[in-house]
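Student: Under the heading signal peptide, TrEMBL lists 1-19. Sequence annotations record features per position, and here TrEMBL assigns domain 'MucBP' to 485-578, 582-659. The annotation region 'Disordered' is assigned in TrEMBL to 541-563, 592-625, 662-696. Residues or ranges marked as transmembrane segment in TrEMBL: 699-720.
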Amino acid sequence: MFGALLGFSLAFGPVAAHAENVPNNGTWDEKETVLNKDAAAAAATVTPAKPVAPAGFQFNQGANLETFLIYHLSQSEDATLPSDGASGSFNKRFGTDWYITAAIDRTGADKSLHVQLVDKADGNKVIEEKVIPAGQTVQFDAIKNKAQGSAFKFTINYKETVFTGANGEQAPYRDMKITSGVGGSTKSTVVYSSVEPKKQSEEVNDFSGIVPILSPKQTTEYREKKTGDLLASYTQTGQISGDLYTIADAAEFQRYELIESPQPTEGTLGSSYAVGSTFITYRADYRVGAAKVVVDNDGSIRFILYAVNPDHPNFKQNYNRADTPTADELQIPLVMSLLKDDSLTGEEKYARINRPDAPYLVTFVSEVTAPNEYNSEKNAFTGSDSWSHKTTKKWQPVKAAGLDVNTDVTDTFTVKLGAFTTHPNALFRFGQYHLVNDEGKFIDLDGTVTDKPSVSIGGMEQGMVNSNSLNVQNVSYYYAGKGGVKVFYVDTKGNVIKDSVTIVDYGNSGAQYSTEKARENKIVTSDGKVYYYKQIDKTNLRPASKPTDSDKRDVETTPEENGQIKQDTVLEVTYVYELAGNVNVNYIDENGNVIKDPVPDVENGKPGDPYDTDSDNKPNRITTSNGKTYEFKEVFKDSEPTTGEVEGGKTKEITYVYREITPDPETPVVTSEDKPKPGKVSASAEKPATIAPRTGDSAGAFAFAGLLALSAMGLAFSVYRTRFGK
């Protein structure tokens, strides 16, 4: 006969009404400084839920005890069955109306599981109560006594496990199992489950489910969207899973701005999921089991189903094992790595896993199944809805209801996916196979022929439903780097002439910026060079900077002096400067000799500014220190123009040519006493003196003669001027 369906859950249930808040005891973990810690933390709360028992039932009334399960030992089909005690549920057969409650101490002082057997027909009177420490199994004496001579047991097992994820993160897990001892159509009903509401109203042979954990944590994370890097986190702690919470508010950072907020912002505390942790169940009576590997913090999992490998050298020992195999024995790490390997076919992947030396066969690998969802996909390895495996032994398949099985002796296991209620591919129906010899006779593990089946594998329906509640209690705000604006200064060749200036270090995107005040008209470098502003770089003269390990924001150049800050981007404005120009004036004579020191007409002038040396520095005459006088003649033929514009990085040389001025001979000045009077001839004119030279008087005679001659010339010139008015 087929066993119970396998569900899986690590998290918890519905949001109930809020009550008083538990004092906030949260803690911050900061990679980046949070600027508003107190305000953000003030929004975070934890509130005990106040659930209400279903009509006609009662919660455990013990102090500090929180009831999370009510399990009614009845089923809906009972009303259609005869009252002969031979069919139906426990209550139907024994004429009772009993149910089981399960509760835990919400304070954590007592970590045991508290279970009660309650008589609904007798005003919810508690018949019996048990306290179960972790790792133990109990049975109610009242049920044991009532069910004497029948298969009913209703044993209750309680255990606690701590799962460790791939990154070392640990997640506590507590679960319980109620085993009725009777299968088939004899079932009980889950009336209430605060941690697994999806199971409410389910009718099952046996119940397995989770027990609320103590001190569940709710973490609000603040992450950079682009890299996923954690900027900070705030963690608060409740008393038990099932408490209600609200998350912390958005954090403020100097270098980051909020771009995305989580939804919802409140919910029910449940277990935290450690990615990579594996929960393994094994049904030793069927030699099959299931592993559920957590693949996401929200509680998503993959199902990995398995069975004992009949070809393993230690098959006999493995067949008789009752304990649950380990993840390594099931080769879970290899399975997970092969899921990422696209170079192999599904058959090749199975060949690497299902080797003769593998103690267990992997029968099915699911796609990722979200919380509160059923598997709906085919085999993640092969894309097929069936699985087969050839062994070295012979098997007699068993015909079962709903299974289309060839009952001929075979050496191959064949399993197909089926529908679980209305959910296709959610059921893996591993039919039962009995070990036989070549003649088709039943044999035991030693090969001895037996009258009836002795060795069997399969015969169990493995339902694949992820009963995890969607974990939204660990939420993330997402941030992007704030934008920045920087200004750079370069010459016309792209060389940096001045240190860059940060206009906006970290600013919110969309805010206005202006670099105009950083645009300097004139820059004097440390070596004395002078530059003048020319233009904004629009030709990528200076390429954008590269992101660094300490600042991973994008970098873009922009020609806009005024604009809006861009998210997660540093905008770079580059101003281009020209080296100053000079104009010098030189002075030479006609032979090229310098007659005057050069004169700067323009010194470190702005390129494009006009100059005019003719009006500033071109004297008509120059007198040198040695008394020579020169007058302007011309502009030297190889000279720069005497008027024009200053050119950047260039010194223009203007050269003027001068010629020397030679002075005229001096003219003697004649006084009025020497002038002859009009109409009157001087005696000397009438009668020139004849003076014989004397010994010793020759020089004086000559002088006297010269004087007379000059006098005569002066008289004649005077007469000439009188007549002609000259």
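Any Cβ shown, glycine's included, is placed from N, Cα and C.
Can you walk me through where each of these features ends up in the structure?
Tutor: The residues of the domain 'MucBP' (485-578), classed with DSSP into helix (H, G, I), strand (E, B) and coil, number 3 helix, 49 strand, 42 coil.
For the region 'Disordered' (592-625), residue counts in helix, strand and coil come to 5 helix, 18 strand, 11 coil, using DSSP.
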Student: Give me the mean pLDDT over the domain 'MucBP' (485-578), rounded to a whole number.
Tutor: 97
